[in-house]
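**Student:** Structure provided below as structure tokens; questions to follow.
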Amino acid sequence: MARYIFITGGVVSSLGKGLASAALGALLQARGYKVRLRKLDPYLNLDPGTMSPYQHGEVFVTDDGAETDLDLGHYERFTGRPATRQDNITTGRIYQDILTRERRGDYLGATIQVIPHVTNAIKAFILDGNDDHDFVLCEIGGTVGDIEGLPFFEAIRQLKNDLPRGHAIYVHLTLLPFIPSAGELKTKPTQHSVKELRSIGIQPDILLCRTDREIPAEERRKLGLFCNVRESAVIEARDADNIYAVPEVYHAAGLDDEVLAAFGIEPAAPPALKGWHDINERIRNPEGAVTIAIVGKYTGMKDAYKSLIEALSHGGIANKVKVNLDWIESEVFENEDAAPFLEHVDGILVPGGFGQRGAEGKIKAARFARERHVPYFGICFGMQMAVIEAARNLVGISDANSTEFGPTREPLVGLMTEWLRGSELEKRSKAGDLGGTMRLGAYPAMLKRGSRVSGIYGGAVEISERHRHRYEVNTAYKDRLEQHGLRFSGLSPDGVLPEIVEYQDHPWFIGVQYHPELKSRPFEPHPLFASFIQAAVVQSRLV
């Protein structure tokens with residue numbers, strides 16, 4: 001039977017509960033246990049698919065097409081286990097399910113209440129499908145005290161009593177701020193956070209204390225005394241120089257040992273952390289450096305590109321180089337020459353996005369990369385802008401544009417109205433809802449033999465990658481574009497939807513309609529990112 005670890009947060013938001021959960025999952029996995037990680041989000045949205053990147057950050061898409069919290073990206077990258085739509089739930093989804101069942105009459109006329117109906121739905125989600133796992137780690141979004149989170153805290157309180165004794169523990173992530181004028185770490189915010197938890201019936205078993213310095217023995221004793229935890233269960237979560245050092249840092253602090261002790265499990269052997277050690281050696285001792293320009297729309301909110309940042313880091317690990325990122329707001333190119341911003345970089349990446357704002361700047365970035373022979377990687381929207389650039393400046397279609405921006409006489413990019421998922425036809429219309437209506441999740445693509453991209457994928461002729469888009473390049477222009485050197489080297493199996501474009505007479509210029517960053521791992525860098533950084537290394541020797 002699975003054992004459950006509930007991770008909560010206190011004092012302030014953005015402490016890194018997702019990263020802490022992922023690191024703990026990796027440590028347990030390194031000891032030979034089978035783990036599953038799940039995220040419970042208290043907001044009322046059904047999913048983050050229609051939320052602003054500035055508020056929520058990245059939307060992480062799973063193979064089965066779920067739009068989920070970015071923490072699921074951490075879970076996948078640290079454990080290598082693909083997440084599914086069953087690993088993330090929101091208050092909105094729970095309420096939708098309950099109200100649907102109420103309308104059907106499933107509750108037989110009962111008054112629907114937060115307790116027991118909402119809490120029972122949360123518990124059912126947590127317990128579902130865990131039979132073949134040793135540990136299930138459940139992260140509760142937000143911080144203790146948030147009114148939205150109360151049903152979730154109540155549900156996990158009940159679960160500890162529902163499960164057999166010794167099958168559930170609570171890990172509380174908190175902050176120990178250092179006050180320079182006093183010259184000491186302050187424990188009072190943590191004490192109040194734990195007091196809030198205890199007031200709703202939850203006694204933490206382990207305190208995971210974020211800090212930038214060592215916790216003095218006296219402060220550790222004070223936390224143990226006033227928070228009612230063992231002194232050994234006050235874990236020092238020191239800041240790390242990079243996120244892939246966190247598993248080693250937490251192991252050195254004793255987190256995994258304390259978790260096993262809380263369950264009454266005697267550790268058989270220390271965790272196998274050599275792989276993590278090797279990765280950190282590569283990160284800390286690079287053999288060179290490259291600079292990649294990210295020409296985007298949401299550059300003020302780096303979390304909007306979380307998986308992208310990590311995938312570029314993985315490309316650096318694969319090539320033993322440090323990857324420096326130069327964030328450039330694409331709007332600056334609309335009235336400025338791109339050259340002064342891009343002449344110093346070793347590669348240009350234009351990521352996914354939506355809407356017209358900044359689109360012309362991305363088109364200029366693609367043109368600069370094509371004409372100056374700088375490695376270019378266009379992802380989703382970045383591929384579409386590269387195709388429009390080619391149509392305008394190579395083929396001579398001056399009005400080439402996307403219907404996403406409004407009516408156009410030359411729709412190089414248009415709204416998808418139907419596509420195949422397996423053997424089933426999916427249809428969409430412009431008048432439909434925004435949420436959950438894109439082409440989402442894993443789809444196959446067929447690669448042309450002899451193409452650059454096929455070589456990057458090890459000679460593969462069929463791949464599967466994750467998608468998140470509702471617009472697609474118009475194949476009616478395919479022949480004219482190919483006559484001018486832009487090769488369509490990847491298509492959907494039915495040949496209808498372009499998936500990959502490339503210039504073969506360019507050092508490295510590839511656009512993909514999918515999101516390869518979602519499948520990159522530190523131990524298995526995505527081949528496109530490894531190849532892109534390799535091309536940037538070559539470029540760095542030419543600049």
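Quick reminder: no glycine exception, Cβ is built from N, Cα and C everywhere.
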**Student:** Swiss-Prot records D146, I147, E148, K186, T187, K188, P189, T190, Q191, K222 as CTP-binding residues. Which of S13, S14, S398 is assigned to the same site?
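**Tutor:** Same CTP site in Swiss-Prot: S13.
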**Student:** Check Swiss-Prot for me: it has Y54, F381, G382, M383, Q384, E404, R470 binding L-glutamine, so pick out which one of G80, G353, G441, G495 it puts in that same site.
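**Tutor:** So, going by the record in Swiss-Prot, that would be G353.
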**Student:** Name the residue, out of D63, D64, D69, D71, that Swiss-Prot lists for the same ATP site as S14, L15, G16, K17, G18, L19, R238, D239, A240, please.
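**Tutor:** For ATP, Swiss-Prot names S14, L15, G16, K17, G18, L19, R238, D239, A240; of D63, D64, D69, D71, the listed one is D71.
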**Student:** To the nearest whole angstrom, state the Cα distance for the pair E517 (active site) and C380 (active site, nucleophile).
**Tutor:** 11
**Student:** Given the recorded positions I147, C380, H515, which lie within 10 A of Q191 (UTP binding site) by CA-CA distance?
**Tutor:** none
**Student:** Other than its own, how many Cβ atoms are within 10 Å of the Cβ belonging to S13 (UTP binding site)?
**Tutor:** 11
**Student:** Taking 10 A as the limit, how many CB atoms besides its own sit near the CB of E517 (active site)?
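**Tutor:** Its Cβ shell of radius 10 Å holds 26 other Cβ atoms.
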**Student:** Using DSSP with the three-state reduction, classify C380 (active site, nucleophile) as helix, strand or coil.
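**Tutor:** In the DSSP reduction, C380 (active site, nucleophile) maps to coil.
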**Student:** Using a 10 Å cut-off on CB atoms, tell me which of the recorded positions K222, H515 is the least crowded.
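**Tutor:** Relative to the other recorded positions in K222, H515, K222 has the fewest Cβ atoms within 10 Å.
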